[in-house]
Amino acid sequence: MAGFKGNTKNMTRLGMLRAYYLGAIACIGGFLFGYDSGIIGGVLTFQSFEHDFGIAANNDTKFSSLAVALQQLGAFVACFAIWPVTRRYGRRYAIAICSLIFCVGAALQTANTHSVSVFCLGRVIAGIGLGGSSVVVPMFSGEMTPKEIRGQIGSFYQLMFTLGIFTSYWIDYGVARNFTKDDSRMWQIPVGLQLLWAGLLGIGVFTVKESARWLMACGRTEEAWDSLKWVRADDGPATQAEFVEIRTAIEMEDHAREGFRVTEMVQGQNLRRTTTGIAVFSAQQATGATAFAYYGPQYFKLLVGNKGDSDLLLTAIFGAVKVAACLTFVLFVADRFGRRTVFAAGAIFMAICQISTAIVLHTHPAPANAQVTSSGIVTIALIYLFVIAYNFSWGPLPWPYVAEIFPPRTRALGTAIGVASQWLFNFVFSLTTPYMITNLGWGTFLLWGIFDICIAVFAWFALLETQGQSLEEISQVTPHRSNTGMRNLVGEEEFNGSERSGESPDNKLK
């Protein structure tokens, strides 16, 4: 990429392509997450869906809340259940298992059983697959990506998430325009397409190599070297030095891993990292953006009124804005600025947009006939600006950030805990958002704006800076150290000596 030439001069062109390919394949999990998040809001408003499942008009808020929240509950449980699986069987097999589980859940949702219980069971099972993959995918991507572009490729997860939402919104809009309101295919087609995306993830993950760091931790040194050579497309001094750095860090962690207890996650320096991981993903949900992804049509009805399918069209355009914003971030912003700066600036801009929307909506409520008004145009523009800010900051960055702040000893469990908090608060906000929209109205946007102000303060004063550091360097930086001037504290002389001499990792191991 032209914008990263200065940072990637030591990388081979093929190595960059393989890193991008690995990130894209793994982050189909993000596409699946986004697609599922996007379709449900539209599907729940289709008359054919309400008719097939016997959902009365006075129960639509309750069912909308339950259908979305149950999936988050399954995902929350999976974040912890997937940890021993990925430790024992590796990142690729864990992702494939998650894909298979999701397919089972999607199939139950697609079948027109006319049973709310079966549909909800499918939501829970699909949530287990989504939750597990949301832990393993960022971990896998972070472990295999060169530090020069780790933020960029780590942000692929959110880019694919936004692409999934974009796709789902337009499919919802398309079926609403092309099928009669009582045709079951209107909701079955969007829901059933999830099987295609999950299948691509499960098959595609076996076209890339297993994590070199995981292989090294399992004592499979030759396979780890082959994996690193493949993803870097190089076996020169720089790759050899990186391999020795990985090996040394893993050996140090293995030496200290004896008698590892889960309680260590809340002891000493680990407590700061664990609470940071929880706080970052909790803050991501508290911005209000994910709730908007689930309930886009309902939000736009609040802004422009309830008439026709304008809410679906505005939601579809909203999805296109998300993709454009996130793609711009990944290509031109991800590794150019410090993590704290991006987090804080994004939260401040989102707060301005949300609070402004609340003020306009409070003083100029949406007309009942859904006619175009200047205030309606302003609120829509503010929401689009809000989602741009989100996809320049709290949308993509938490995934690589949380995966990189933990040392190898605690990375799997630490990432699982962080992502679990994402699903927990996803569950809380998805459960409460329909009631917030119904009961608070314009106050919903004010609440999100207040949250965003708090998030900006937290980001600037509480987060460590990790930009441009290798995972091994980050793992050796104590949480109370300065955010600038980090140095590699593990075997620096050995690494430099290996690079100067050109000695191969294989000879080192001998």
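Cβ coordinates come from backbone N, Cα and C, glycine included.
Summarising the annotation, TrEMBL assigns transmembrane segment to 20-46 (among others).
Per TrEMBL, domain 'Major facilitator superfamily (MFS) profile' is recorded for 22-467. Restricting the average to the domain 'Major facilitator superfamily (MFS) profile' (22-467) gives a pLDDT of 84.
Marked as transmembrane segment by TrEMBL: 66-86 (among others).
Sequence-distant neighbours of the transmembrane segment (93-110) (same chain, 6+ residues past either end, Cβ-Cβ under 8 Å): 26, 29, 32, 74, 78, 82, 85-86, 118-119, 121-130, 132-133, 136-137, 140, 188, 191-192, 194-195, 198-199, 201-202, 205-206. Annotated transmembrane segment per TrEMBL: 93-110 (among others), in sequence order.
Annotation comment: TrEMBL describes 116-141 (among others) as transmembrane segment.
Marked as transmembrane segment by TrEMBL: 153-171 (among others).
Per TrEMBL, transmembrane segment is recorded for 191-208 (among others).
Residues 34, 37-38, 40-41, 64, 68, 165, 318, 347, 350, 354, 383, 386-387, 390, 394-395, 398, 401-402, 405-406, 414-415, 417-419, 421-422, 424-426, 428-430, 433-434, 437, 444-445, 447-448, 451-452, 454-455, 458-459, 462-464, 479 of the same chain sit 6 or more residues outside the transmembrane segment (275-295) yet have a Cβ under 8 Å from a Cβ within it. The transmembrane segment annotation in TrEMBL covers 275-295 (among others).
Sequence annotations record features per position, and here TrEMBL assigns transmembrane segment to 315-334 (among others).
Among the features that TrEMBL reports, transmembrane segment is placed at 341-361 (among others).
As annotated by TrEMBL, transmembrane segment applies to 373-392 (among others).
Taken from TrEMBL, the feature transmembrane segment applies to 412-433 (among others).
If you look up TrEMBL, you'll see 445-464 (among others) marked as transmembrane segment.
Annotation source TrEMBL lists compositional bias 'Polar residues' at 475-486.
For 475-510, the entry in TrEMBL reads region 'Disordered'.
Residues annotated as compositional bias 'Basic and acidic residues' in TrEMBL: 500-510.
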Short question: which residues 6 or more past the ends of the transmembrane segment (20-46) have a Cβ under 8 Å from it?
60, 63-64, 67-68, 71, 95, 98-99, 102, 126, 130, 133-134, 136-137, 140-141, 144-145, 153-154, 156-169, 171-173, 176, 181, 186-187, 190-191, 193-194, 197-198, 200-201, 204-205, 207-209, 231, 290, 293-298, 312, 315, 319, 399
Annotated stretches the transmembrane segment (412-433) and the transmembrane segment (116-141) touching (3 or more Cβ pairs under 8 Å):
yes
When you look at the transmembrane segment (66-86) alongside the transmembrane segment (153-171), do they share 3+ Cβ pairs under 8 Å, ignoring any pair fewer than 6 residues apart in sequence?
no
